[in-house]
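Undergrad: Below is one structure. I have some questions about it.
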2 protein chains.
Amino acid sequence: MEFATPFEITKEFVLKLEKAAQSHEDRFIIESLRGVEPADISVVLEELDGEDSKYILMLLDHDVAGEILAQLDEDVMLPFVAEFSPKELAPIVQDMQSDDAVDLLLEISNHMRDEVIAHINDKEAQMNILDLLRYDEDTAGGLMAKELIKANYKWDIVRTIEEIRRQAEDVEKIYSVYVVDDFDRLLGRVSLKEMILAKDHTKVGDIFEQEVNTISTDSSQEEVAEIMQRYDLEALPVVNARGRLVGRITIDDVVDVITEAAEDERNLMAGISEDVEEDDTIWKLSRSRLPWLIIGMGGGMLAAKFIASFEDDLAIIPVLAAFIPLITATGGNVGLQSSSLVVQSLANPLAIRESLAVRLLKVFGVALLNGLVLNLIVFGINMAMGQSMALSLVVAIALYTVVMLSSILGTMTPWVLDKMGVNPAMASGPFITIANDLLGLTVYFTVAHLLLL
Amino acid sequence: MEFATPFEITKEFVLKLEKAAQSHEDRFIIESLRGVEPADISVVLEELDGEDSKYILMLLDHDVAGEILAQLDEDVMLPFVAEFSPKELAPIVQDMQSDDAVDLLLEISNHMRDEVIAHINDKEAQMNILDLLRYDEDTAGGLMAKELIKANYKWDIVRTIEEIRRQAEDVEKIYSVYVVDDFDRLLGRVSLKEMILAKDHTKVGDIFEQEVNTISTDSSQEEVAEIMQRYDLEALPVVNARGRLVGRITIDDVVDVITEAAEDERNLMAGISEDVEEDDTIWKLSRSRLPWLIIGMGGGMLAAKFIASFEDDLAIIPVLAAFIPLITATGGNVGLQSSSLVVQSLANPLAIRESLAVRLLKVFGVALLNGLVLNLIVFGINMAMGQSMALSLVVAIALYTVVMLSSILGTMTPWVLDKMGVNPAMASGPFITIANDLLGLTVYFTVAHLLLL
C-alpha cells in the first residue's frame, strides 16, 4: 500500500505544475495530481496565480475541485474565484458540501453570488445554499451543513440503510443517523455502530438514544466549540426554535473555528490588525502592523508631552528619568498578566463563575502580594546602589501604586470590551500597554513632585 | 425527549451535592447525577474537595467514574486521586480508555502508579497501559489509545461485524475498521458507512481503501494536529517502524492538544509561568506571575543604571527623558509583532517555507517601510511642537534604528529558541520587551550623546 501522509509539497512540484498549466500539459497535470488529497492540492494552488490555478481546477472533477476550493485560506479565496465566470463556478459550487459552498459564496460580490446561485441546476443544493445564507456567519446556523442522514422513528434498519445508500454520495461522513418524527422534529440518534449491531427489522424508534446534545441555530460559534469539546462530539445536530432538525455541525469545522480564534487572539495581543502570514507581501505585512505602531507612537508622544511638563523637576533631579522604563514596564507586565487571565476566562462561556466582586477582590489580593514583593526588592537594590532614601521611597510608592492600578485596569478592560461586543483579547494588545504607560508616568511624576520638590 | 445540552451547572447544585456527600445521602447523589454527562460531573467535582468527590465517585459505576476522571483538568488530578488507595483506583483505571488511563497514571507518583497497575485484573488492559507508558507524552505514541477495531483482510463483513460486537463495549467510537495482514501490518481501512452498505459475504480485503493517512509513534503531537486538521480526520491510525498498527488517535484528544497549545502560548506571551485560571487561589495566581515580574524588574533596574550613567547629559537637556517611553514602547511593539508572526509560522510544521534569507530580507523591507512612516510622523509632530531641529533629528534617527533592530531581534529570537528546543512563544513574552527596552535606550542615548553634546 501507499501511505499518503504526509504528502510532501515541494517548491519544485509547485514550479513544475505552474509550467504545465502555462503550457497546457493536461495529461501531466492530471497524472501528477492523481491520488493527491484535495487539501494538499489547495496548498499547491495557493502558490500559483489565479489563471494557472483555474486552469488546473477545470481539469479536475467538479467534486474534487469543490473540495479544493473548500480548503483554501479565506483570504486567497477572492482572487482565486475571480477568474471564474458564474457559469463555470456554479457546477463546482453545486457539488460542494453546503456549508463550504456558502463560505465560498460569502467571499464574492453580491452580484456574482446571485448569478452563481441562479446557475445551480440541482434544486436541492440551491435550496440548501439559500437556506444557509440566512444565518449569521458566527452562529451555529452559519457553521452547519445541510447534509445529514435522518430517519423517521417508524422506519426499520433496512429502510434506514436504504436512505444511507441513497445519500451516500452527498453525506461524506455520517457518524450518526438522526431520528425524527413526522414533523422533522429531532427525537434522538442512532450511532453507526448501533446500526451495524442492530437486527434488520428493528425499528429505529426502539433503539435510538434519547439524550442527545443539540444546539439551536442562533447559538454562538464559541458555544458550539465549547459543547463539542466538552462532550467530545464529532458531530452536533442543529435545531430551530421549534425543535426541527435543520443541519449538522462536524468537528472539523469547529477545529478551524478554535484555531482561527487562537490566531486572531495572538494577532490582537501582538498588535497585528489583519490576518497575515509570514509569506504575505511586504506591503500587506507592513499595512497590518502600522495601525498599532502609529497608535502606540501617539501614546509615546502623549507621554513625551507629559514628561516634558516636568522638565524643571528633571533639571533638578535628572536621575528621576532613570526609573521611567522600570515603572512603565512593570505596569505593562502586570496589566498584560491580568487582562490575559480575564480573556481566558471569558473565552469559556459555560464555566462556573465567581461573582465579579469576589474576582476583583482576588485581583486586589494578588496585586497587594506581588506589589509587596517587587517593592521590597526594588527598595533593597536602590538603597544598596546608594540612591537617596527619598528617591528610593518615591520609586517604591509609585511602583506599588502602578501595580495596583494596572491590575485593576487589566482586569476591567477586557470585561468592558466584552460587554461592548468587542473581542476582549484586544485589551491584551498594545492598548493596555499605552494605557499603563500613561498611568504609570502620571503616578510616578506626581509622587516624585510631591515628595521630592 | 430531554435535551441534555447544555447541562446547567449552578453553584447551588454544587453545594447541594457537597452537603449530600458529607451526610452520605447516597440515594440523592445517585438520583441527581442520573443522566448527567461525565464531563459535567467532572466540572462539579472540581469544585468539591478530594474527600467529597471520592465519596461521590465511589457511588458510581467504574466506567462512569473513569470517564469523569478522564475529563478532569490535569492540574486537579493529583489532589483528586490522592484520596484513593491503589486498590480502589485500579478497577476504575481498568475501565478507562487506555490513553486516558495513562494520562491519569502519569500524574501520580511512580510508586502509586506501579501499585495501581499491579492491582489491575484485566490482563489486556494492563498490557495496553504498560505499552502506552513507553511513549513520550508529546508524541503520537503518547496521544494514542490502544482501543480500535481491526479486521484481517481475509475476513468477510459478517466476521468483521462479529468483531465489532465483541469489542463494542471497549471501543466507544469506531469511525473505521482498520484492515491488517497476518502480521498486523496496516493495509488500509473500511469506513463504517461502507461496512453498512457492503454485502454480508464481501471480503474486507476487496473493498478497503488503500490510501490511508497514518502517523508513526514518534511523530510530534504538533504533526498529529496538523495532519488531522488538514485532512479533516476524526481518527488517525498509528503505526510503528515496521508498519504494524499499534494504536489510534481520535480528534477529541487533538482538539485538547490544540486548545492547550493556544493557552500555553497566551500565557507565555502574557508572562504567566504556570497553567492558572481565574478561579485559582490568590497564592497560586501570585506565584505564577512573580517570576516574569521580577525578571522584568531586573530589566528595569538595568535600564535605570544605564540611564543614570547619562545623568550629566540629562542635567543639560532634561527633555531627553521625555522620549524614553516612545522609544521603548515602539521597540517593544515592533519586536512583538515580528516575533508573533514567526511563532505562528513555526507552529505549522508542514507549510512550504521561503528560505531564511528571503524571510529576513522581507523583515528588513517591512521595517524600512514602517520605520519611514513612523519617522515622518514623529519628526513632523516634534517640529510642529517646537522642539529643536537637533532633538527632533536625534529622536527620528534613534526611532528608525530601534525599529530596524527590534524587527531583526523579534524575528531571530523565536527562531533561535525553537532550534534550542524551547517553546518559541516564549520570545513573544516579557523577554522581548526587556531586550527591546535595553536595546532602544542604548541606541537613543548613544545617538543623543553623539549628536547633542
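Each Cβ is built from the backbone N, Cα and C atoms, and glycine gets one as well.
According to TrEMBL, the record shows the following:
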| type | residues | note |
| --- | --- | --- |
| DOMAIN | B:208-265 | domain 'CBS' |
| TRANSMEM | B:290-308 | transmembrane segment |
| TRANSMEM | B:315-336 | transmembrane segment |
| TRANSMEM | B:356-378 | transmembrane segment |
| TRANSMEM | B:390-411 | transmembrane segment |
| TRANSMEM | B:431-452 | transmembrane segment |
Undergrad: For the domain 'CBS' (B:208-265), provide the mean pLDDT of the predicted model.
TA: 93
Undergrad: Are the transmembrane segment (B:431-452) and the transmembrane segment (B:290-308) near each other by the rule of at least 3 C-beta pairs under 8 angstroms (pairs 6 or more apart)?
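TA: In contact, yes.
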Undergrad: Can you say which of B:315-336, B:356-378, B:431-452 has the most Cβ pairs under 8 Å with the transmembrane segment (B:390-411)?
TA: B:431-452
Undergrad: Using a Cβ-Cβ cut-off of under 8 Å, list the residues of the same chain that are 6+ residues beyond the ends of the transmembrane segment (B:431-452) and lie near it.
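TA: Distant contacts of the transmembrane segment (B:431-452): 295-296, 298-300, 302-303, 306-307, 310, 313, 317, 320, 323-324, 327-328, 330-332, 334-336, 339, 390-391, 393-395, 397-398, 401-402, 405-406, 409-410, 413.
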Undergrad: Going by DSSP, how much of the domain 'CBS' (B:208-265) is helix, how much is strand and how much is coil, in residues?
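TA: Secondary-structure composition of the domain 'CBS' (B:208-265): 25 helix, 17 strand, 16 coil.
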